[in-house]
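Taken verbatim from TrEMBL:
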type: COMPBIAS; residues: 728-740; note: compositional bias 'Polar residues'
type: COMPBIAS; residues: 1183-1203; note: compositional bias 'Basic and acidic residues'
type: COMPBIAS; residues: 1270-1287; note: compositional bias 'Polar residues'
type: DOMAIN; residues: 43-130; note: domain 'Ig-like'
type: DOMAIN; residues: 141-231; note: domain 'Ig-like'
type: DOMAIN; residues: 265-355; note: domain 'Ig-like'
type: DOMAIN; residues: 358-445; note: domain 'Ig-like'
type: DOMAIN; residues: 451-537; note: domain 'Ig-like'
type: DOMAIN; residues: 541-628; note: domain 'Ig-like'
type: DOMAIN; residues: 645-740; note: domain 'Fibronectin type-III'
type: DOMAIN; residues: 745-839; note: domain 'Fibronectin type-III'
type: DOMAIN; residues: 844-946; note: domain 'Fibronectin type-III'
type: DOMAIN; residues: 950-1046; note: domain 'Fibronectin type-III'
type: DOMAIN; residues: 1048-1140; note: domain 'Fibronectin type-III'
type: REGION; residues: 728-752; note: region 'Disordered'
type: REGION; residues: 1183-1287; note: region 'Disordered'
type: SIGNAL; residues: 1-26; note: signal peptide
type: TRANSMEM; residues: 1153-1174; note: transmembrane segment
Amino acid sequence: MDRKRSCTLCGGAVMLLLLLGHMTNALEVPLDPKVLEGLPQPPTITHQSPKDYIIDPRENIIIHCEAKGKPHPSFSWTRNGTHFDVEKDSKVIMKPNSGTLVIDISGEKAEAYEGVYQCIARNEHGSALSNNIVIRQSRSPLWSKEKVEPITVQRGMSLVLQCRPPAGLPPPIIFWMDNNFQRLPQNSRVSQALNGDLYFSNVLMDDNRNDYICYARFPHTQTIQQKQPITVNVLDIEAMNDTVLAAFLNGSDFWGDSPSGERAPTFMQPPGMHSTSMVLKGDTLQLECLADGLPTPDISWSKVNGELPSGRFSFHSFQKTLKITEVTDADGGDYRCLARNRLGSNHHIITVVVRAAPFWISAPQNLILAPKESGMLTCRADGNPKPTVTWSVNGIPIENSHKDPSRKIENGNIILSDVQTGSSAVYQCNASNEYGYLLGNAFVSVLAEPPRVLTPPNHVYSVITNSRALLDCASFGSPLPKITWFKNGQSVLDGDLYIIHKNNTLEINVARPVHSGKYTCIASNSLGNKENHVYLEVKEPTRILRQPEYKVVQRNSVAEFECKVKHDPTLIPSMIWLKDNMELPDDSRFEVGSDSLTIRDVREDDEGNYTCIRNTTLDQDSASAMLTVVEATPTPPIIMEQPDPPTDLELTDQREHSVRLTWTPGYENNSPIQLFLIQYEDSLHKPGVWVNMTEVSGTRTTVNLELSPYVYYSFRVLALNEVGLSQPSAPSRQYRTNPAQPDVNPSDVEVVGTSPDSLTITWRELTGLESNGPGLQYNVSWRQKDVDQQWNSLSLANVSQYVVTGTPTFTPYEVTVQAVNDYGPGPTPEVVLGYSGEDLPTMAPENVKVSVQNGTMAVVSWDAVPLSTVQGRLNGYKVSYWKLRSLHKQDPEPKKPQELIFQENETESLLLGLHPYSQYNLNIRAFNGKGDGPSSPNQIFETPEGVPGPPADLKVENLNLDSLVVKWAPPVEYNGHLTGYLFKYQPINTTDELGPLKELLLAANETSVTLDNLKHSTRYKFYLNAKTVKGYGPTVTEEGVTIMDEAPPAGRMFGSVNSSVEENHAVISWEYSGPDRNVYVEYVVDNSKDPWKTEYVNGTRTYQIRGLKPGMSYRVRVVAKDHSDATVHSTEELLITVPAMTSKQVDIATQGWFIGLMCAIALLILVLLIVCFIKRNKGGKYPVKEKEDAHQDPEIQPMKDDDGTFGEYSDTEDHKPLKGSRTPSNGTVKKDDSDDSLVDYGEGGDGQFNEDGSFIGQYSGKKEKDTAEGNESSEAPSPVNAMNSFV
């Protein structure tokens, strides 16, 4: 649940949240074909035709319906709500293994197949439904016959020429042209309305003509129809006498009966002062205002009580149309259209109402559940009005389907509990309102699958030391498998060293050699276990030890760069040399060695940057150096210095908020000036502080500066060349700007609750430069959200916060902060939402239950607290539990409580790591941002017996020739009642092989055992386990040796002793012939009084001493001891010295970011080369606009497909059909270099028309059957075909 919601949940919603806490997460079926094979799956619709499908009556109807499932689904259709028998109609074919219908309409009328179609895909696990697909035939009806009378209008009056095209499907695109098929010019005085009518704000004598022709283009049928031409006669009545006027008006309509003088604007469309427009959310809103007036009115738009949406609005048709894309709820409200000329103004209010077709908030998702698991199907949709949500199962309304006790509906969601095998189905959610509907399919598949590990077995992961290692363990199973990781047989826990991600990937953030080894992941569920082994190898990084160095060599000499590297011995490095980030020249003078580059007979063009790159399969290192080539007797270098400061600063073109600054550059000093830096000082607000204002190119000496109000400006200029910045110029004279109201409000407004009865409002104050005038204050306003109350306001100055007191606890507030000065307020401030302070929760969780699972684990559950008692934002729950006492013995001191924290939507948890056979106490409390609420009553529970801990202090005493005594202490943790001990022992020979094992069962009160009749001079290994009724506990072991039956051998037992030393360790090896196996290595710092450190070597003849300090000397010896720990033999002392560690230089060129930058530059150059090659070889299309720009009147614009405007021409050599049209079957369209007039394409100037004055030009006919046949036709193209190239 969204934490920002503050509403109180009803009781039913609380129960729903409690149920969700027990639900199993839905499984996702992997895409691996091996996993999918054999898994049953209900049908899923994968492709379908759009809901509103307008068909071309000349082409076959194809209605798509594709689905997947296991087994593959079968398909059927309904038409207008009843079964559509495909097999009975010979014209209808269903594609194999598909539900797609192909309807052959040759010889049939397409109207016969109009209707509402729906596809059903079903298999034995359920049925999925497509959307309702409405099939309608596209229509382009003829223009109704009408007699068009000439229109006579007085000069200066307004005029509307009506188009009234026939209603088509889809609606036609309207445009106006003349007899020569040229578009009629439009401007702010004459423009086409959204309904296609042509509006004149006022007519001129130039509007006299007899060929105002309205055209309608029907895009689906690719036809164009023409209205009868309209004749407009414009009269200048003041210049005509009555006789002439009467003769002129005879037989024509007179438009206008009032004087034609200048007048203030009035609205022709929409009429009146107010109108309403409805738009759907997400659609495009178009509002238009067409005004009458003389002079021609200017149109402007604004939103009442708001701003036009930034980035989504635009003006069209000479400001007469306002278009807003991707409409949101915030776009609703009143919009003002203002028409103005010099005689006055008028306005019209359009109220926009935003409605919304249904849209998904949370569409239903597929569920895969194991038997006896629970799940939930959610279906959340919104719209305006609120959509109605209904459920179906396998296409049948859920209220009419068979009753399923495991299924119920709560709050519009389907709750599934304790599902059974065979209850798979497909559920449909339908959300609908008056503006549309949504249909979502979601299947519930009940599967019982043992775990599978999808990661390849024995995969080897190789990484570089100190980099991140990711070991995958992708799995699948139902129920969802639990993943456990092991390293070399030891459990891997989530913590600092290892991170186990939600997808069960094991991450080692900083891999080191010690992390190398075998890793095992085990996937487990109730149906079994599956394990997989992977291996991690951590390699040493590749490092360049000796880098190439900067060299200056004389021409014709030899240059040599070194590049020696250290790398992991298992990786084979390769070496690449680059010159200026490009390959080396193909020249025998360049010799590449194993760790060097030699350039012989150096020339001037060899100068540049040389880079050595050493690569392995896992990493790389690089280093670079410059080569400079000089003459044998180099010329003295040119001395470059910083430029002199600019002079002669002058302020011109002085305006309210801008001024032009001009200067004279200073001397360059042998280095061209790259740019000028302009700085300003505000002596009113920050005297003495110079601020960077702008930069201009070094070739410019003037700049226009935009200024802020209420600032006392002084300017200065600095010049920059390759050496650096010049000294500043002398300041310009002071330029003062007038005060104005603020144009920005305080930023970073925050509302924070600091106590239960207050909230704190903070903001960033405006700077002096932002204040725009004197008397700066802040109007702070606040009110409680969603409560009908007035704003509370006050004005503050020179502060950045205000505390509102007396507020209810954790209540949402709306806050605004507006800047105001002596010249007026700033812009309308944004509303910021915040909450008053929180208080402690008042209620403890109830219905706390503890279910003990075993001796170390218990499950605790509770009811969620009502949100109304939280008094804030519920952050979660704290579960505290502690051990009261052991049920076997009294603990020396009580244990400290342990605390677990859970999220606000969790109401159940596991208590792990409990002590068996103990008594525990537990309570739970809710907490919010303020703190913890009251604790629930303490719950006391007991854990059952478990296996005991290991016996303590196992040791061997009284070693004799053939006997010894083994002693121990009882376990520290009894974990129940001890029932005895299991004691085992066996001999170990000189090769570490174990002899026969003997066992003894001992009573619980025994703590020692005496063993007789043992072999002399023999090592024995002893094993001891304690036992309770639950079984044996962990084993403890110890070893002992019976004494020898003769004196120790005389003479020297140790032979030669050798050593090898590394940076932090030493390896010692020796020869030893004595029988005693108790051999130790002892060492101490030379000249130190510290005691010798002793390390047992476990019977080997070599040993590695770790942890030695670099640069220190140590004395080392090897000794042999008897059973009493007395030294019987010893080597001579060795003196070893650990070498000091060498430091490593790091060059910037060895860094990863530098290497990545060089690779990106190389890739960019490659992409540019490819683009240039493609552009060079690209063929023949060119836009009509280029042609019109060369030959056409610039006021006549080309037409495009979507609005009746021109498209693109093809190259004459391509013989391809025009874009948006089809080539006639009787020939190709003729093209020449003339204007884009239809007359040039036809046989006559007026074109070819039907008897009703319209013409029909089909420009999307069938494809050409034969190219040769089209070429043989000598028939000239008709004007209609020529029109196709425009529309």
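Cβ coordinates are placed from backbone N, Cα and C, and glycine is handled just like the others.
Fair warning: this is a prediction, and the values are worked out from it, not measured in the lab.
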Cβ contacts under 8 Å made by the transmembrane segment (1153-1174) with residues that lie 6+ beyond its boundaries: 581, 611, 620, 622
Per-state residue totals over the domain 'Fibronectin type-III' (645-740) - DSSP helix, strand, coil: 0 helix, 50 strand, 46 coil
Proximity of the domain 'Ig-like' (265-355) to the domain 'Ig-like' (141-231), 3+ C-beta pairs under 8 angstroms: yes
The domain 'Ig-like' (141-231) - residue tally per DSSP class, helix then strand then coil: 3 helix, 36 strand, 52 coil
Integer average pLDDT (0 to 100) for the domain 'Ig-like' (541-628): 90
Counts of helix, strand and coil residues, the domain 'Ig-like' (265-355), according to DSSP: 3 helix, 56 strand, 32 coil
Summary of DSSP states over the domain 'Ig-like' (43-130), given as helix, strand and coil counts: 7 helix, 47 strand, 34 coil
